[in-house]
Amino acid sequence: MTGRMPGLIVLFDVDGTLTAPRKAITPKMLEFMQDLRKVVTVGVVGGSDLVKISEQLGKSVISDYDYVFAENGLVAYKNGELIGKQNFKSFLGEEKLKELINFTLHYIADLDIPIKRGTFIEFRSGMLNVSPIGRNCSQEERDEFEKYDKVHNIRSKMVSVLREKFKHLNLTFSIGGQISFDVFPQGWDKTYCLRYLEDFPEIHFFGDKTYKGGNDYEIYESERTVGHTVTSPDDTAEQCKLHFLAKQAGDA
């Protein structure tokens, strides 16, 4: 593509950055991202697996963006082609994985929260996703749990217990989205995707959970990135217009 800024890539989180939490991208935002891609190389890095990212960004997501990094980049695509995949089970081993899962399920069983549904642990290629309420909850229940969690700190308390119990495994526990947190080996956070971007001296990252403990924190703080905190998809678009589209128009 002509007209792109050389040596520069812009990376985006999904939930809360390109879409409302667990919602599909709006046609307006999708059109904006395609316009942005005309002037900069664009990548997406999400904690979810490719199936869930596709539900939010569309079935053609791996060809709609130059890079798509699912599961923090543990499953990586460039120009629609798979370029890398990492495996949590092979890294940790079956016995340690089983110990972690058993303890987590016991903890959730003893947890006194207003409602519980199903799928409390989701096993992904590069991580575990743990949800105290269960991923089968409705959107309304998801919204209610998010409010409840902000008051009672269910996830952060659970993370503190797991972090202490399994400190010998060198795992990272990262809170993201409305109802869950991710568990993965140290270094397998969103900075993992940066190993595929050695050709880009300038890397911008846009995310909403850039605070310590949030799943955008490490890549936001990385020396290799210029971090931008956003509050919504509209805010993302406005900041991008300011940083890239206005700059491109000024250079024209």
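Yeah, the Cβs are placed from backbone N, Cα and C, and that goes for glycine too.
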Per Swiss-Prot, member of D199, D208, D234 binding Mg(2+) 1 alongside D13, D15: D208
From R135, R195, the one annotated by Swiss-Prot with R22, R124, R142, S180, D182 for alpha-D-mannose 1-phosphate: R135
Output field, Mg(2+) 1 shell: CB within 8 Å of site CB centroid, site D13, D15, D208 dropped: V14, G16, T17, L18, P21, G176, G207, K209, D216, V230
Secondary-structure category, per DSSP, in which R22 (alpha-D-mannose 1-phosphate binding site) falls: coil
Inter-residue Cα distance where the pair is Y220 (Mg(2+) 2 binding site) and D208 (Mg(2+) 1 binding site), in Å: 10
